[in-house]
Amino acid sequence: MTHQSVIESQSETSTTEYYDYPDYNLTNGNIADELCTKATVDQFGRAVTPVIFIIVVLFSCVGNSLVLYVLVKYENLKSLTNTFLLNLAISDLIFTFGLPFWAHYYMYGWTLGDFACKAVNYVFYTGYYSSIIFLTVLTVHRYMAVVHPLSVVMCRKSLHCYVTSVVIWIISLCAAVPQAIFNSVYSSVELIIDGQTDSTSTVLQLCDFEGEIIWKLKTTYLQNFFFIVAFVIIAFCYTVILARLLRPTSHTRKKTVQLILFIVVFFFLGWGPYNVAIFLDSLIAWGISPFNECDVSKSIDYWIYISRMMAFSHCCLNPVFYVFMGIKFRNHLKKMLTDFL
């Protein structure tokens, strides 16, 4: 997670301005001319992102907790599908754990210390990677159940479920390691400009890859890699599934076909724009024109804010689309409510 640098401009109108600036020392000349003002971008992020994140946290905690309760209470956890759904709900809750910290970060900067910076990033991205992998594995399992049903029957042993889940968690934990190693709390360069030439500096605490731009880019491309692989697999699997279900001999309801199309489209709309945005943002770090130009850079920043909210909402609301739409789960939910009442 990154946070915009803040620069308070104390001019005659006493307005506050935010700037991005290159990594070299500004010496003579008009400092303001060398900087890219991003006041509206930063204000948008501060105002909207925390609100959306808190809403997502509330829905995610309720939804995923209900999924866990229903699966443990009413379902057979030796089932491959139920095991993966259980792990997906756990992944989403782990992912959700980081959102309140990021909401606070966008409003006040990082005030929780270096250890919390590393720990929150590590836990957050572990949930991110594991969620995408379990989502992909669930899709592959559905594909196998429709296209190669006999192979699914042979893989229903509990040991297979547990081994697969453990491997996924190990991959996720390893993929998130750079977040724990290279994220740290540091003070940003924050300039207070008085008039045209005089300026002083203050600090804003950030939690990011300080001085580790290469590793920051590597983690960005790792996220892109996970998304591309997951999307290709999911798109392929559901394309084949749809082809099977649309055959004249298939007795599948039209509603099932629509649900499958919705799952693929929603996954792409949720994660696609965000991955494109962070990739374009990485081109700014390489100094590639026109992405490093001020207007283009600001547009990318807006895109990152909006697409991030969409992507994080998708990951935290998986239960709504993968479980709550199931008839069996709704029946379990009704039974649970009846028992409580």
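Including glycine, each Cβ sits where the backbone N, Cα and C put it.
In the predicted model, the domain 'G-protein coupled receptors family 1 profile' (63-322) has a mean pLDDT of 84. If you look up TrEMBL, you'll see 63-322 marked as domain 'G-protein coupled receptors family 1 profile'.
Per TrEMBL, the feature transmembrane segment maps to 51-72 (among others). Same-chain residues lying 6+ beyond the ends of the transmembrane segment (51-72) with a Cβ under 8 Å from its Cβ atoms: 82, 85-86, 89-90, 92-93, 95-96, 99-100, 102-103, 309, 312-313, 316-317, 319-320, 323-324, 329, 332-333, 336.
Taken from TrEMBL, the feature transmembrane segment covers 84-102 (among others). For the transmembrane segment (84-102), the list of distant contacts is 1, 49, 53-54, 56-57, 60-61, 64-65, 67-68, 71-72, 77, 112, 116, 120-121, 123-124, 126-128, 130-131, 134-135, 137-138, 141, 161, 164-165, 168-169, 172, 312, 315-316, 318-319, 322-323: same-chain residues at least six beyond its ends, Cβ to Cβ under 8 Å.
Tertiary neighbourhood of the transmembrane segment (122-140): same-chain residues 81, 84-85, 87-88, 91-98, 101-102, 164, 168-169, 171-173, 175-177, 179-180, 223, 226-227, 229-230, 233-234, 237-238, 267, 271, 315, 318, 322, selected by CB-CB distance under 8 Å and a gap of 6+ residues from either end. The annotation transmembrane segment is assigned in TrEMBL to 122-140 (among others).
Annotation comment: TrEMBL describes 161-181 (among others) as transmembrane segment.
Residues 129, 132-133, 135-136, 139-140, 142-143, 146-147, 175, 256-257, 260-261, 263-264, 267-268, 271-272, 275 of the same chain, all 6+ positions outside the transmembrane segment (225-247), place their C-beta atoms under 8 angstroms from a C-beta of that stretch. Per TrEMBL, the feature transmembrane segment maps to 225-247 (among others).
Residues or ranges marked as transmembrane segment in TrEMBL: 259-285 (among others).
Same-chain neighbours of the transmembrane segment (305-327): 41, 44-45, 48-49, 52-53, 56-57, 59-60, 63-64, 66-67, 70, 85, 88-89, 92, 95-96, 99, 128, 131-132, 135, 138, 259, 262-263, 266-267, 269-271, 273-274, 276-277, counting only residues six or more beyond its ends whose CB sits under 8 Å from a CB of the stretch. According to TrEMBL, the transmembrane segment annotation covers 305-327 (among others).
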